[in-house]
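Asks: Structure below; questions to follow.
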Amino acid sequence: PYDPHVLEMDPSNDHSRPLDIVPQSDEKMKERGQWGNKVEFVLSVAGEIIGLGNVWRFPYLCYKNGGGAFFIPYLIFLFTCGIPVFFLETALGQYTSEGGVTCWRKITPLFEGVGYATQVIVALLNFYYIIVLAWAIFYLSYSFTWDLPWASCNNTWNTGQRSTIGSVDPRLNATSPVIEFWERRVLRISSGIDNIGSLNWDLVLCLAIAWILVYFCIWKGVKSTGKVVYFTATFPYIMLCILLIRGVTLPGAFIGIKFYLYPDLGRLSDPQVWMDAGTQIFFSYAICLGCLTALGSYNKYNNNCYRDCLSLCFLNSGTSFVAGFAIFSILGFMSYEQNVPISEVAESGPGLAFIAYPRAVSMMPFSPLWACFFFIMIVFLGLDSQFVCVESLVTAMVDMYPKTFRRKNRRELFILAVAIFSFLMGLIMLTEGGMYVFQLFDYYAASGMCLLFVAVFETVCIAWIYGADRFYDNIEDMIGYRPGPIIKYCWMFFTPATCLGTFAFSLIKYTPLKYNNEYVYPWWGYGLGWLLALSSMLCVPLWVVIKMCSVEGTLKEVSHTHHPLFSLLTPTDFSLCLPCEVPCPSPRHGICLGPVPNLSSTIPHNCTTAAK
């Protein structure tokens, strides 16, 4: 017979053993799927986090916010928020072997709404992020010609007074042909969001191609995803290296690199610089989207996710830094050729990818070649980020309803349904007024405010409700040692405080969205934007209210008596690690795990049930 007091200690580490979750059996894990090897996991995460933001957002933020001085707040946010939350989500997925919703159901059922919030964000992200791929595919199709269509004014979409690519005369009210190609040929943009207009069928075809690519990348789950990422996650690096070498060898490249790196320490006194650094970390590291949890859930239980996370975080930030040289060397070349300040050619977001860079390549020898290289890189950077987001959503739904979706071909059909529905939702962004809708989604649906809000609850749930030491015990059980205490203290204090402060600042400094800093949306447009933002943030408090209301009795009664409400904070179907007199059949632990619903029970532990 066992002593109940012995159960509270794990002889392997001398730490108080947490209420562990029974690990999945080999049969269950085989049914759910696992990565073939560590490389597949690392490349999948790298493909997700290393995306368009590394190329078109980070370099511009450095230039805008003090050059090299921007690295100070960036690194502070990286080590206090980025790496801790990145590791938290990955370890949570690996420990629970569950997707973005059911992992929180197992850890803190009262805050299962955190999982729903992440999936709402990623669902909205799936609607609009892939639109960038459609634009890139469209540009790529026009790059296979010796005379690039955005390099001249002799096209049907060119109207009015125009300037040439290589010259700018401020006395003329002229429009560059690259801008006319973007606005009049690609977007066919209307006067406002209240003038939606007709569909751009060329872009509809490009969007369909993008969704077909996404579907076949993930239709067989991690079996197909793990193989695809060998190409999609590595090929953009080849393109980036080619563009970097070409950029730094152009005349005037040093002008751009100087503006990119020259430190202006005075900018650090501007709170907006710190806000930009914080939001860039959340955007770039794909945290609070449930993606890392989903990818981590397909790991083997004893995978060293701590080492993987540190390596991936440094790879991500290093890629952003190197991409800055590739981009600003090109912008320096443009500044040199046009004899204008670099501030007049520096762009961020879609403006960089579809206006500034196309203008630059049209000024180079063999311009179609460099245009093809650039847009191929954009397509692959966006593709793996997109299909991992879809995989995250699918994983969450399949884990919530395994009996429904794990039957033969059900998962493939569900992915097809998600792809078709998301494709139809994206069509509104391919209309003449679609760019205004796209900007609303980009500004509100997956904004820094939403991600910061979710990050606060994620860290509080793990650190203060489930228990930071308790989660560290789980991590030690997986990887064999306890990570340094700094990450635990970040979960407990620094990360929630930093995220909460940045969230409050973003509300205080909120400015309504304007397209091109000129077009003001109607009141209902801003209302739609806030509806998109609140659709995710409200999931957390609404779920708490729903669960509280589902428990009988008043709060006063609950606080003075044993009540089922306690089960909302910690799982009821927990298990305790027990010393075994016989070898444990569980392949995932050196000691047995078994359900012990009654802490005062003296029933001997049954090893055979632990592995089921």
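Cβ coordinates are placed from backbone N, Cα and C, and glycine is handled just like the others.
Note: TrEMBL annotation is automatic and uncurated.
According to TrEMBL:
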type	residues	note
BINDING	GLY47, ASN54, SER284, ASN316, LEU381, ASP384, SER385	Na(+) binding site
TRANSMEM	70-92	transmembrane segment
TRANSMEM	113-140	transmembrane segment
TRANSMEM	199-218	transmembrane segment
TRANSMEM	230-257	transmembrane segment
TRANSMEM	277-298	transmembrane segment
TRANSMEM	310-334	transmembrane segment
TRANSMEM	368-401	transmembrane segment
TRANSMEM	413-431	transmembrane segment
TRANSMEM	443-468	transmembrane segment
TRANSMEM	489-508	transmembrane segment
TRANSMEM	528-546	transmembrane segment
Asks: Work out the three-state DSSP category of SER385 (Na(+) binding site).
Replies: helix
Asks: Could you tell me what the rest of the chain brings near the transmembrane segment (368-401), counting residues at least six beyond its ends with Cβ under 8 Å?
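Replies: Cβ under 8 Å, 6 or more out: 32, 44, 47-52, 54-55, 98-102, 115, 119, 122-123, 125-126, 129-130, 132-133, 136-137, 139-140, 143-146, 148, 210, 213-214, 217-218, 221, 225, 228-229, 232-233, 235-236, 239-240, 242-243, 246, 286, 289-291, 293-295, 297, 353, 357-358, 361-362, 411, 414-415, 418-419, 422.
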Asks: Please report the three-state DSSP label of GLY47 (Na(+) binding site).
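Replies: DSSP call for GLY47 (Na(+) binding site): helix.
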Asks: Within 8 Å of the centroid of the Cβ atoms of GLY47, ASN54, SER284, ASN316, LEU381, ASP384, SER385, which other residues of that chain place their own Cβ, given that this set defines the recorded Na(+) site?
Replies: ALA46, GLU48, ILE49, ILE50, GLY51, LEU52, GLY53, PRO236, ALA286, THR319
Asks: What else in the chain is close to the transmembrane segment (528-546), if you only count residues 6 or more beyond its ends and a Cβ gap under 8 Å?
Replies: 110-114, 116-118, 120-121, 124, 440-441, 443-445, 447, 449-450, 453-454, 457, 513, 521
Asks: For SER284 (Na(+) binding site), what is the tally of other C-beta atoms lying within 10 angstroms of its C-beta?
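Replies: The answer is 24 other Cβ atoms.
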Asks: Are there 3 or more C-beta pairs under 8 Å linking the transmembrane segment (413-431) with the transmembrane segment (70-92), counting only pairs at least 6 apart in sequence?
Replies: no
Asks: Any chance the transmembrane segment (443-468) and the transmembrane segment (277-298) are in contact, meaning at least three CB pairs closer than 8 A with a sequence separation of 6+?
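Replies: Since 3 or more Cβ pairs under 8 Å link them, the transmembrane segment (443-468) and the transmembrane segment (277-298) do come into contact.
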Asks: As a test of the contact definition, list every same-chain residue at least 6 positions from ASP384 (Na(+) binding site) whose Cβ is closer than 8 Å to its Cβ.
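Replies: When sequence neighbours closer than 6 are ignored, ASP384 (Na(+) binding site) has SER44, GLY47, GLU48, GLY51, CYS217, VAL228, VAL229, THR232, ALA233 within Cβ distance under 8 Å.
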Asks: Grab the same-chain neighbours of the transmembrane segment (489-508) for me: Cβ-Cβ under 8 Å, and only residues 6 or more beyond its ends, written as numbers and ranges.
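Replies: The answer is 77, 79-81, 84-85, 88, 271, 274-275, 278-279, 448-449, 452-453, 455-456, 459-460, 462-464, 468, 471.
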Asks: Hey, would you say the transmembrane segment (277-298) packs against the transmembrane segment (113-140), going by three or more CB pairs under 8 A that are 6+ residues apart?
Replies: yes
Asks: With the transmembrane segment (413-431) as the reference, find which of 199-218, 230-257, 310-334 contributes the most Cβ pairs under 8 Å.
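Replies: Comparing 199-218, 230-257, 310-334: 199-218 has the most Cβ pairs near the transmembrane segment (413-431).
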